[in-house]
Amino acid sequence: MNKHALLNADMNYLVATLGHTDEVAICDAGLPIPAAVQRIDLALTHGVPSFIATVKIWLASSQIEGVVLAQEFADVSPECHQALLVEIEAEQLATGRTFSIEYVSHEAFKQRTHNSRAVIRTGECTPYANVIFKTGVVF
């Protein structure tokens, strides 16, 4: 059994096979997921698992270098947006790296998921609680 925080087999495999600049989305329960993109569906019920809990595990398991968010996220769901920024800031401090943060329209965000290696669906029911992480390198 894996003694690290990430126990999901599909997510572990994804982390192990990511390359530099590959993108992975973590989304709320309602984001449309393109049929051609790998879906890792963690959603059990409304709010379980949460978006932030899933982000925390992802950041502990995978090196990132960039973040893409929908512009609408900060306006419509400011508490969840701020919680995400806190996690990103903590990861920057822990790694000594600075990540780019890009804001795009929600429509552009949905289109960008077509290029993701995978979309990880949570049970989150907060509007626009979605993020795309661009993979970095550990060296």
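Please read every residue number as a count from 1 along the shown chain.
Backbone N, Cα and C atoms are what each Cβ position is placed from, and that goes for glycine too.
It should be emphasised that the depicted structure is a prediction, and the values quoted were computed from it without experimental measurement.
The substrate site recorded in Swiss-Prot includes H106, Y128, A129, N130, and the single candidate from D28, D41, D75 that the record places there is D28. Other residues of the chain with a Cβ within 8 Å of the Cβ centroid of D28, H106, Y128, A129, N130, the substrate site, are C27, G30, L31, A70, E72, F73, S77, F109, T126, P127. D28 (substrate binding site) sits 25 Å from H20 (active site, proton donor), taking the C-alpha atoms as the reference points.
Calculated from their C-alpha atoms, the gap between H106 (substrate binding site) and H20 (active site, proton donor) amounts to 25 Å. Here the C-alpha separation of Y128 (substrate binding site) and H20 (active site, proton donor) works out to 26 Å.
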